[in-house]
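Taking it in order: structure first as structure tokens, then the write-up.
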Amino acid sequence: MGAAAKRFVDETDDGAAAFRSPSRRSLGALDALTFLMADVRDGIGPFLAVFLKGSQHWSSGDIGLVMGASGIAAALSQIPAGMLVDAARAKRTVIAVSSLTIGLGCLAIAHSSTLLVVLAIQVMLALVAAVIPPCLAALSLGIVGHGALPARVSRNESLNHAGNFTAAAMAGLVGQYQGAIWLFYLVCFFAFASSLAVMLIRPSEIDHELARGGETVRDGKAQPLPLARIVTRRDVWVFLATVVFFHFGNAAMLPLAGQMIAKTHPGQDLIGLSACVIAAQLVMMVTASAVGRAMRAGIGRKKIFLVALVVLPIRGLLFAATDNAYAVIGIQILDGISAGIFGVVATIIASDLMRGTGRFSFAQGTISLAVGIGAALSNLTSGFIVDRFGFGAAFCLLAFMALIALVLFAVAMPETLANIRSSSASTIIHIPPAVAAADACEGHRP
């Protein structure tokens with residue numbers, strides 16, 4: 001390779017990160033979008049069951065049917081949603097339409113009490129919401145580039161947790177003083193505001209090749225790596241297995257803690273559970289920011305993620321050792337650490353693994369599917385264990401699953417920060433004719 005071509009390849013490889021300079025308007029709009037979306041992408045979330053039970057007087061079986069169907073639809077749509085985002089160039093429109101659809105769907109549920117109607121709407125909302133997380137991540141990557149992505153994702157997660165905290169507080173106040181139906185109007189407001197925020201991002205500042213995990217190439221169009229090359233990679237499978245075991249250990253801990261408080265401290269379950277959620281969200285905000293600073297300082301992704309994996313089994317064992325409500329709330333702070341780290345580092349590891357492949361959002365979809373599988377196994381298994389052996393045994397089982405995730409990741413997963421440049425080697429860099437001609441001229445000089 002000639003000197004001019006080498007300079008081009010070096011600039012192409014690093015330029016994706018070094019030369020992205022988005023405007024304050026686009027960055028501010030992305031901030032607003034991330035904050036507002038915290039209350040949109042899950043609809044009214046756990047409040048739906050409360051509304052259907054308390055206001056519509058549904059049976060627990062019908063509520064379970066609706067929630068279960070929604071969960072299945074969400075899980076099955078993760079990978080197709082990621083592939084759609086990789087292929088789509090109108091990412092702003094995808095988010096705007098998804099937001100408005102969720103808002104209108106929530107309004108429809110608020111004014112309907114028919115099982116089939118609510119079931120159909122919930123399934124539709126699950127399908128629509130599946131595109132939002134990978135689309136947000138892709139927009140972030142396409143706007144700031146690979147080099148600035150760790151700091152951007154850290155900021156996104158902090159804003160997301162701040163949005164969740166704000167939405168939960170507003171939902172509590174609105175639901176308490178105006179009635180549960182106003183929760184749906186609140187989601188609709190956030191959905192409309194989100195659609196406005198995303199359209200303020202300047203489309204010219206989104207590099208769509210970068211957004212799907214490719215590299216910026218000045219001449220010629222890069223093609224995504226075939227999926228067969230992705231799904232046969234050992235590091236991808238190790239990371240996905242780690243995610244499954246992590247959420248197998250994590251997902252049921254908070255619900256079990258809430259049930260334990262309800263059993264041992266009757267009348268304090270809602271207050272205790274709310275305190276757990278608020279404590280965790282506050283810690284997540286701080287943790288996400290700290291993770292961003294650590295990555296900017298050059299600390300590897302693996303070291304940071306190992307902290308989350310170490311904390312999780314400790315949290316499970318501590319839950320198993322006490323049923324004191326105040327202790328449970330204190331232990332839940334550890335969830336803020338592990339979840340805060342996971343939210344940032346999982347996206348960055350996916351970006352590292354997919355850099356140069358054009359399959360970033362596909363990877364986001366597979367990670368979301370792994371999260372769903374782990375969470376389903378966690379809730380299903382722990383429920384049976386509690387019924388037969390009690391809360392202590394269930395927490396010990398969850399801690400053991402978290403320990404498997406720790407050992408697997410520590411032993412089998414490579415450090416992706418060190419492999420960023422090598423992972424993009426699979427992408428063919430098309431040397432522009434002008435650059436090749438410059439090398440040819442240099443070669444003929446005396």
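Each Cβ is built from the backbone N, Cα and C atoms, and glycine gets one as well.
Given the structure is predicted, the values throughout are model-derived calculations rather than measurements.
The feature transmembrane segment, as given by TrEMBL for the ranges 26-49, 362-385, sits at 362-385. As a quick check, the transmembrane segment (304-321) and the transmembrane segment (183-201) miss the bar of 3 or more Cβ pairs under 8 A, pairs 6 or more apart, so the two do not touch. Confidence across the domain 'Major facilitator superfamily (MFS) profile' (236-446), taken as the mean pLDDT and rounded to a whole number, stands at 81. Between the transmembrane segment (236-258) and the transmembrane segment (63-85) there are fewer than 3 Cβ pairs closer than 8 Å, counting only residues 6 or more apart in sequence, so the two stretches are not in contact. Residues 137, 149-150, 153-154, 157, 160-161, 239, 243, 246, 250, 253-254, 257, 260-261, 272, 275-276, 279-288, 291-292, 295, 301, 304-305, 307-309, 311-312, 314-315, 318-319, 360, 363-364, 367, 416 of the same chain, all 6+ positions outside the transmembrane segment (327-350), place their C-beta atoms under 8 angstroms from a C-beta of that stretch. Of the candidate ranges 63-85, 127-149, 183-201, 362-385, 391-412, 183-201 has the most C-beta pairs within less than 8 angstroms of the transmembrane segment (97-121).
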